[in-house]
């Protein structure tokens, strides 16, 4: 039986690990990130992959840095025939890449060489793409640059956000892995080199990318809002206070109002002017210190009036 070490951390990785177990491989160990403090109370919380591994009685390693010699030895002592990674969050050192006889393969949530890096799902929506997918490739020491083994395309719906697209890609990635691993083991594959000239990158989201610039066209802001939902969430300001914007809808009507101006309130939210004479309807938001709410509840509370301007004054945390 093929001995596999799985490396992954967030929810995306869980169906991938589960597939390996269900397909009957001997998952001899799981490597994931350390437990981290979570929420307002900073409660130490295990990564989703750790919880899944423990449910199946699989040994778990949680190195802060997998590149350290002692951590490499721990992984190799498990004698893996194959290492499979999915959203692990660390680049593997050469000793690990060279260890297993079938190599190391990675399940990456984009159609490589596009969107290499840690936030491919976010960027596929932020950039307004109509499709993305999952690529399984051999791992090398360079970020997401190894030879590609298999791919699957996934359509991005107009209403998808990072959460819904994440779930689609996670399921697609698990299915693709189930089809790919037997071919990797048998050698029945023809890996394809990535075209470096077509490589693009999806680095982790920075704080400045979360702030809405109302001078941008409505389509771009619409993609920003859904491309940051459910994490880290786009924000603007109202009366000097930060306000998270969870969801919006495009508005067909043109406007000559200055970007950021509240044009009108509607039953299900507020219509805000954006760049190029466009506008957006904010349908779900979260004022500072309050719970997430529907736009209709915000309007009912008379929290905003036509003529108010979003995006001015305080733009810090």
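Each residue, glycine too, has its Cβ placed from N, Cα and C.
The feature (6S)-5,6,7,8-tetrahydrofolate binding site is assigned by Swiss-Prot to 110, 111, 112, 113. What Swiss-Prot records for 292-317 is region 'Disordered'.
Residue 111 ((6S)-5,6,7,8-tetrahydrofolate binding site) falls within neither a helix nor a strand when secondary structure is assigned with DSSP, and so counts as coil. Helix, strand and coil counts from DSSP across the region 'Disordered' (292-317) read 6 helix, 4 strand, 16 coil.
Each residue in 108, 114, 115, 116, 120, 133, 135, 144, 148, 151, 194 lies on the same chain as 110, 111, 112, 113 and has a C-beta within 8 Å of the C-beta centroid of that (6S)-5,6,7,8-tetrahydrofolate site, without being one of the site residues.
Residues within less than 8 Å, Cβ to Cβ, of residue 112 ((6S)-5,6,7,8-tetrahydrofolate binding site) and separated from it by at least 6 positions along the same chain comprise 135, 137, 144, 148, 151, 194.
Remark: residue 113 ((6S)-5,6,7,8-tetrahydrofolate binding site) has 144, 145, 194, 195, 196, 198, 199, 200 as non-local neighbours, by Cβ distance under 8 Å and separation of at least 6 in sequence. Each of the binding-site residues 110, 111 was scored by the number of other CB atoms within 10 A of its CB, and the lowest score belongs to 111.
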